[in-house]
Each structure stands twice: as C-alpha cells, then as structure tokens.
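J.: First the structure, then my questions, so here it is.
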Amino acid sequence: MIIVLAGLGLALYLLFGSPFVGVADNGDFLRMMNTIGLNYYNAAESYADRFFSFSHSRFAYDTLFKGFYPSSQIFLVLLPRLIGGLFHGSYFDIRLLAAVYISLLLAATWLLVRTNARGSYVTGLLLGGSLLFIFYDIGYLAYFNSLFGEPVSMVFMLLTFALGLRLTGQERPTVKGLILFFISVLFLTSSKIQNAPIGIAFALIFLRFAALKGQGSWKKVSLWFSAAIFLISVLLYATAPKDLKHINLYQTVFFGILNQSPDVRGDLKQLGLPDRLEVLAGTNFFQGNTVIKQNDPSLQPDFYARISHKDVLFFYIKNPDRLIDNMKYAAANGMSIRPYYLGNYEIGEGNPKVALSYTYSTWSQFKNKHIPHSLGFLSIFYLLYFTGILFQYFRSKNIRERVTGELLMLVGLIGIFSFLVPILGDGRADIGKHLFMFNVSFDMMVVVMFGWIVHKLVGLKNR
C-alpha cells in the first residue's frame, strides 16, 4: 500500500501540478479525436503552435464517430469524454483521461508487488521502488496527458503480466481471474494495429494455462479464450484501415529498404517494382517535395497493388545484411522512452518551443545518455535475460512454475517482436517513437532481473 500511495502522489504531482505537462501532437491525435468526438480547442492557432511544439490540456467537444480508428483506446477515452461533457461542457480536460491511466497503472503496480513480494517486506519495497523509479518516469507519464495510444499499450502490458503472474502463483486459479487476464490481453492486443500479432503469442499462453489445475470450468474457458484472442488478432490485422496500410508500405519500402540503399534499382527489381520509383528512395510519406506525389494515382498500379509486407519480409530473408543494418539503426535510436522532438509544455507558459520537462526523468535520461545504443549490447542483454529464465525454467518442478517462466520469456519475446515490427512495417520513419513497446518490454526485463536478484539475496539472508 505504501508503494501505491507513493505512486499516486508522484503521478498527481507530475501530471496534475503546475505547469501542465503533456506531449505535443505530431498529427496522430486526429484519428482518435474523430472517433471519440473531440476537436482542437483553439481553432485559430497556427500549425506551428498546434503540432510538435506545445502540448494541449483542453480540447473542444465535437460529433462522435466522424471517423473510426479501431483501437481499445476508444473505450478508455470515451468514458472520461462523456463524463467531462456532462459536468464540464465547455471543454474536455485531458487530465480526466490521465486519471484513468493512473488508476490502471496503480492497479498493475499493486498486483505486481503483492504477487511477487512473496511475503517479504524488503522484497516488496525494493520491487515497488524499481517500478516507481522506472515506470513513473516523466518519459512515460507525460504520455498520459495526451491522445497517443502509447499509454494504453504500457498500462495493459504491465497489467496483463501482473494478472498472469497472479494466476500462475495460485494453487487453484479462478475463472474470474482468467477473465480479467483475457480482458487485459484484449486491450493490449487491440490498442494498436502493430500489437495485433502479440495476441497470437497470448493464444499459446492460454493453451498453457489450460494445463493448470484451476477452479470450475477453467480448462474449457482457457481453450475458448485461446481461440478467441487468436481470431481477434487476425481480424484486427486483416481489417486495418487501407490508408494506414498504404502509409506503412510506403514508409517500409522508400524510407526503409531503399533509404541509403547501395543499389536502388536492384532492390526495386527484387521487390518487383518499376525503376521509375527510384526517385522516391529515401523519402517519407509525409514530406511535400517528392518527385512523385504520395497520392499520385499511378502509385496504385505501380506500387500499392504490387507489394505487401510479405514481400518486405522475403526481401529481408534474402538480404539479411540489410535487415541487420536497419536493426543497428533501430538500436541506435531505441533507448528513448519519450519523443524528444515533441514539446511537453503548453503555449503561454513562458517556455520555448519543444521544451521538455525533466522533473523525475532519471531513468529515461540514463537510458538515453548512458546505456549503449548498440545491437551488440541488446544481444548481450537479451542473452543474459533468457539464460536466467531458462536456467530457472528447467529447474522448475511443477507446471505452475514452468508457465510462470513462459510468461517471463514472453516479455522478452514481445520486446524482440516490437523491435522488428517498426523495421518491417514502417521503415526508419519516426523509429524512436515506434520502439515504445520495445522500451516497455526492455524496462520490464530490467525489473524482472532486479527482482530475481533481490529475491535471491533476501533468501540467502534468511537462511
């Protein structure tokens, strides 16, 4: 409870104090705004003030579902939006949404500490302290005062594994607990299109859960949930907006594969694309000075109709050196929790454009400045993590301990997946921000390793 109260105080101080701290819009807000009925509060503000430079605490109310962006974030934003409309109809205060995220983060924190302290006050205190130090960093919390989808991924990633570890820690886990776990997995999987394949991995976890000795119709429900999350994941990816798929394909090919390519024409030939598209090499979908405009009708038959992410995958399989080059680029940009090009403060508070808050930013700054930004370091880190997990896994004597190990392995696998997906799905475009889930997974792995060391030391002391 001490850790939860400390987390609450920290979150309230950082997000509800003065000056207001959020994350500036890079253009992504519109997808959610059009869905849940919000608009920009100041209709007359300039482009420079609206995007990138300053955050916004107020949004105007607008018509619901003028557009639709499929995401579990809708449910989280819609609730405070409707409540805000009832009690404060002149504008929507984004801090109402932050309150929802804070509640979920506190719940995850409480569950993780309670489940993994194993009756040790010292272990609980140190584990809780590590969670507060890492996941309550302003680099993470500033996202709560925004309409980005990142906080949904973060809080449900933590909550999912908190609930999962709680189930494997029980002698006879309950169906009610399994339902809560499924709901959390569902929110995580459907928070962003790029998270959809994660659900397939969780479908396997549900199959493993079926082997546990739970109460009631545990096995039957586990199998149903396994099938359900698998189908939902496939549907989410298959029904992704066509425009979004086009943007991602453009970025993947022209700002990924062909960006700084030693042989642009050779790459185009491998991909089955015409040579005339070589003028787009190194361009991104949103720049305005391209020789061929991104919405040029000729791109439909010459590009979009000819290529898919499957072709991109096969290209990298045939050219692993090119994949490694992009992995090195991702590693060089992969230790930033926050987007440093998006301002944190509101306009009119005396701060320059793109000013950032560094209050309680020790962890995010340490990662950004001192942890090696290299593929070699990440390889060693992952090797150590999986070696430790597998060592414990093969020493496990019962199914519950083994499934616990598989859950912890999944944390690392989600990190690997989240590292590769931006490369395969969006090229080098805004790669630092697109590696957010990789950072969440990395930081969870740090906490797991720290918690394991603390548990062993406390165990030695108590002998």
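If you go along the chain as it appears here, the first residue is 1 and each next one adds 1.
Placement of Cβ uses the backbone N, Cα and C atoms for every residue, glycine included.
A TrEMBL annotation is a machine prediction, not a hand-curated record.
From TrEMBL, here are the annotated features:
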- 94-113: transmembrane segment (TRANSMEM)
- 120-142: transmembrane segment (TRANSMEM)
- 148-167: transmembrane segment (TRANSMEM)
- 179-209: transmembrane segment (TRANSMEM)
- 221-240: transmembrane segment (TRANSMEM)
- 375-395: transmembrane segment (TRANSMEM)
- 407-424: transmembrane segment (TRANSMEM)
- 436-454: transmembrane segment (TRANSMEM)
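What's the neighbourhood like for these features in this structure?
T.: Sequence-distant contacts of the transmembrane segment (120-142), counting only residues of its own chain at least 6 positions beyond either end whose CB sits under 8 Å from a CB of the stretch, comprise 2-3, 6-7, 10-11, 14-15, 21-23, 55, 105, 109, 112-114, 151, 154, 158, 336-338, 344, 357-364, 443, 446-447, 450-451, 454-455, 458.
Remote same-chain residues near the transmembrane segment (221-240) are listed as 70, 175, 178-179, 182, 185-186, 189-190, 193, 196-200, 202-204, 206-207, 209-210, 212, 214 (criterion: CB distance under 8 Å, separation of at least six residues from the stretch ends).
If one looks beyond the transmembrane segment (375-395) by at least 6 residues along the same chain, the residues whose Cβ comes under 8 Å of a Cβ in the stretch are 324, 327-328, 331, 334, 401-402, 405-406, 408-409, 412, 415-416, 419, 442, 445, 448-449, 452.
Beyond the ends of the transmembrane segment (436-454), by six or more residues, the same chain brings 116, 122-123, 126-127, 130-131, 134-135, 150, 153-154, 157-158, 161, 194-195, 334-337, 363, 367, 381, 384-385, 388, 392, 408, 411-412, 414-415, 418-419 to within a C-beta distance below 8 angstroms of the stretch.
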J.: Who are the long-range neighbours of the transmembrane segment (179-209) in its own chain, taking Cβ under 8 Å and residues 6 or more past its ends?
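T.: Distant Cβ neighbours of the transmembrane segment (179-209) are 70-73, 75, 149, 152-153, 156-157, 159-160, 163-164, 167, 173, 218, 221-223, 225-230, 232-234, 236-237, 240, 244, 403, 406-407, 410, 413-414, 417-418, 421-422, 425, 434, 437.
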J.: Given a Cβ distance threshold of under 8 angstroms, which distant residues of the chain, six or more beyond its ends, lie next to the transmembrane segment (94-113)?
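T.: Beyond its ends, the transmembrane segment (94-113) has Cβ neighbours at 1, 3-4, 7-8, 11-12, 15-16, 22, 56-59, 76-77, 79-81, 83-84, 124, 127-128, 131-132, 135-136, 144-147, 151-152, 154-156, 158-159, 161-163, 165-166.
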J.: Take the transmembrane segment (407-424) and find every residue of the same chain, 6 or more past its ends, with a Cβ under 8 Å from one of its Cβ atoms.
T.: 157, 161, 164-165, 168, 194, 197-198, 201-202, 205, 252, 256, 309, 312-313, 316, 323, 326-327, 330, 334, 378, 382, 385-386, 389-390, 393, 431, 434-435, 437-438, 440-442, 444-445, 448
